[in-house]
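Quick look at what TrEMBL annotates:
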COMPBIAS  1-10  compositional bias 'Basic and acidic residues'
REGION    1-28  region 'Disordered'
COMPBIAS  14-28  compositional bias 'Acidic residues'
DOMAIN    68-115  domain 'Protein arginine N-methyltransferase 3-like C2H2 zinc finger'
COILED    146-173  coiled coil
């Protein structure tokens, strides 16, 4: 424990020293370390792991959550909103698939950022882990587009620098002529 001094120079109360912590501030949730049961998105059944829950959603409700994430190109926030929407509205898998055919998602509201279940394990997983290798392949193909855009930006910057140099020379020549 460390003691702090208040503004008047007197000793204050003891404050715990957190700098000697052995962890690096990172907390990682894994299925193996969790003893919590996971409630299905579409029924009241409790399952033992995220993979069991996702498999149950696919086999019993015909909803493949990782495929939905890919199909709708959901980011982390979109995924969280979708899970909370499903839980709060208690929609069926079929209505979920039909409700988003028009391109506007019913879970777009920020109201769905608030978890329906406290410490919902389905909200604590990484989308890359959820979607697996396919998400990484999509990311790499996007990375190719990003590399192309970066190259084009660098070329534009070089052209701008050359134009600025040419303008500076023209301004210098103009001053010499005066």
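Residue numbers in this text run from 1 along the chain shown.
Just so it is clear, glycine is given a Cβ too, placed from its N, Cα and C backbone atoms.
Automatic, uncurated: that is what TrEMBL annotation is.
Computed over the coiled coil (146-173), the whole-number mean pLDDT of the model equals 84.
The DSSP breakdown of the domain 'Protein arginine N-methyltransferase 3-like C2H2 zinc finger' (68-115) into helical (H, G, I), extended (E, B) and coil residues amounts to 29 helix, 0 strand, 19 coil.
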